[in-house]
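Below you'll find the structure, written out as structure tokens, and then a few comments.
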Amino acid sequence: GSVLNCGETCLLGTCYTTGCTCNKYRVCTKD
């Protein structure tokens, strides 16, 4: 949607928050 920081990092490339994905900065965001 808009880029929303999920307050989660994803050093292993996995986001545990529903709907969140790992971006190239290793931060989980929601579309």
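Think of each number as a place in line: the chain as shown, counted from 1.
Every residue gets a Cβ built from N, Cα and C, even glycine.
Remember, predicted model here, so these are calculated numbers, not experimental data.
Classification of Cys20 (disulfide bond) by DSSP places it within a strand. Marked as disulfide bond by Swiss-Prot: Cys6-Cys20 (among others).
Summarising the annotation, Swiss-Prot assigns disulfide bond to Cys10-Cys22 (among others). The DSSP secondary structure for Cys10 (disulfide bond) is coil. Remark: Cys10 (disulfide bond) has Cys22, Arg26, Val27, Cys28 as non-local neighbours, by Cβ distance under 8 Å and separation of at least 6 in sequence.
Residues or ranges marked as disulfide bond by Swiss-Prot on the basis of experimental evidence: Cys15-Cys28 (among others).
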Per DSSP, three-state class assigned to Cys28 (disulfide bond): strand
Chain-internal residues near Cys20 (disulfide bond), provided their CB is under 8 angstroms and they sit 6+ positions away: Cys6, Glu8, Cys28, Thr29, Lys30
